[in-house]
Each structure stands twice: as structure tokens, then as C-alpha cells.
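Colleague: To start, I am sharing the structure in question, which I have written as C-alpha cells.
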Amino acid sequence: MEGEILNFIKVWISVLVSLCFCYSIRNIVPKGTKRLLSVLPVVCLFLYLPLKISSVHLGGSTAFFIAWLANFKVLLFAFGKGPLSSDPSISLPLFIALACLPIKIRQKDKNKETPSPNPRLDGQSKENPAPSRAGKEGLRNYAIKGVLLAMLIRAYDYSDYIHPNVILIMYSFHVYFLLEILLAVGAVLARNFLGLELEPQFKEPYLATSLQDFWGCRWNLVVTSILRPTVYEPTRAIGSHLIGRKWAPLPAVCATFVVSALMHEIIFYYLGRVRPNWEISWFFLLHGFCLTAEIALKKVLNDRWRLPKMISTMLTVGFVMSTGFWLFFPKFVEYKVDVRAFEEYAEIGAYMKNVSQSIVRVLPGH
């Protein structure tokens, strides 16, 4: 475990150096082809670095933050777009934080009277008027999910007595809780050290009333926010010239899910180091096709007919869960991600036990 931590530190030192290089050229190399050629070695390096870490948790989080988020933001930076190009006077620490983490600058008071163009992302809708109250509720929410995650980890000790399908359900909640807690830790660090706040990552995905609602407004919104400017919007712009603005979102959605499928295959390769069989891709391609059909149907019906909310929620969540059990979560077992994760939990537990015993031995009277 100590060797993995050392590799983790080395990888992130390389990331910091690479981002310092990107920061240094922002006012020297003009945006466009020249800047793209300048940052391509950084993109390639960010794809390579996660291979240096074999730990599921350290390697998985590193792959997500640099091979996906940072790379896409650096590519946007090459063309003068995205969060890294939003402020010419941006400081180096802020540049690095924006590149690696799904964060946004906290809104200032001068914008207080200006209505938010996207209350879902800003968290200042009518349903959430008091940040302090929302913060307390969020803290309680993360505490509950942390306890539930610990209970799940403990329950895996009895996996020999649990039905395999129940294990897959446990994996689905494990992934959800772990992602929320991991990103919440990033939010705390960004808020305390840089005065930044994390983009809301999840918005009760189990209450989604459609696939469009699930993928666009509720599930892993940091991925949605980075795929939108890099894939969806350029494809929609091209589609608007070819098939008109009304139907342009359809190929844009398809292209977005194709890229998402590819990136998930890459992430799972980092986790398992196994040649992909593309079942992960089929999961996202299936959802992309169904979401495209859903949007097309809504445009044809022009929202004249809707299912009751309870029924649409049950159908949506049921479809997501059933396809996940079919194509997505079995990969955790096939690639032995679960086994390696439990081994890491055991190592962490043993390490913490040794540390606590060492502290007790040095206390007076022991």
C-alpha cells in the first residue's frame, strides 16, 4: 500500500508540472491549432499516468480526474473555451484546481439580483433559497451516505450467503455513495483552500422521471457539464446546418453517449487492465439510443401527453437498474474490481489499527 501511495504522489506531481506548463503558455501561444499541438503531449501524458497506479480507489479516482476531466478541459483550453479560459487573469492555483476538479467559482453578491440561467447547476432555485440550510442538509446527507457505505462494505463479508443479484444491487449503491462522498471531499478542499464550490454532482437520481431527466439533470452532473461543451454543443451546431435546429439535438445526444461509452471503457481498463469486450459501451449506446428516441417522441407529441410521475419514475429507474445489472455492474466482478477494493479496505483497516495501537502504547500509563 505504501508503494501505491508513493506512485500516487509521483503521478500527481507530474500532473501539477504539466498544468503549470499549460498555465505558462496561455498568454504566449494563441488558441487554435498551435495551442492544441502544444498541449497534446499533456493529453497523452494524462492518459498514461493512471497506468502507474494499480490501486482501485487511487487509480480510479486519478483516471477520472485527469484522464477524463482534466484532458477534456485542456482540450477546451486549446481552443480558448471552457473554465480554464474563462478568466485571463486566473491564478495558477485556481487554474490547477479548475483543471483537476469539478469545481466552479462561488457567485459574488453583485450577481445576487441577476436570475440564474441554470438554477439546477447554481443551486439557487426556489427550492433551495438558503445556502446555509442547504449546507447543513448536505452535511447530514453525506454523513448518512457515509454510514450506509460503511454498512455495505461490512455486509460484503457475508457475500457467500447473499444472492448474486443482491450483490449487484449493493454494487450500484456502493458506486453511487462512493462517487458522492469522493466529490464531496473535493468540494470541502476547494471551498476551504480556494474559496470555490463544487458543481452539484447528483440530484436524487432515484427520483428521475425520464432518461433525459436522469442523465441531464440528476446523475453525475460533472460529466454532463464537461461533455456538453466538448461533444454535444459542437455536434448540435453541425446538425443545425444539416437537419435543422429542431432535430439537431438527436445526433448530438448520440455522439455524446458514444464518447461517454469510450471514456468509460478507458476508465474500466485502468481499473482492470483487461482487454475490453465492449459491454460497457453497449450499456451507454443503448441508453443513448433510448434517450434519442425519447427526445424525438417528446418533440412529436409536443409535450401533449405525459405519464403520471410515479409511473414514469418507476419505469426510468427500473430501466436504468435492469440495464446496469445486465451490462454495467457485472464488469466489476469480471475485472475483479470488487475483490481488489475489499483487499484495499482490509489493508486500510489493518493500517489504522496499527496506528491506533501505536498511539495507545505511547500514551502515559501504557
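Count begins at 1; order follows the chain as displayed.
Positions of Cβ are set from backbone N, Cα and C atoms, glycine also.
Keep in mind that TrEMBL annotations are predicted by a computer and have not been checked by a curator.
Below, the features straight out of TrEMBL:
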- 6-25: transmembrane segment (TRANSMEM)
- 37-70: transmembrane segment (TRANSMEM)
- 109-135: region 'Disordered' (REGION)
- 168-190: transmembrane segment (TRANSMEM)
- 199-285: domain 'Wax synthase' (DOMAIN)
- 250-272: transmembrane segment (TRANSMEM)
- 278-297: transmembrane segment (TRANSMEM)
- 309-329: transmembrane segment (TRANSMEM)
Colleague: Counting only CB pairs under 8 A, let me know which of 37-70, 250-272, 278-297, 309-329 has the most with the transmembrane segment (6-25).
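Modeller: The stretch I would name here is 37-70.
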Colleague: I'd like the per-state residue tally for the domain 'Wax synthase' (199-285) from DSSP, helix first, then strand, then coil.
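Modeller: Tallying H, G and I as helix, E and B as strand, the rest coil: 65 helix, 0 strand, 22 coil.
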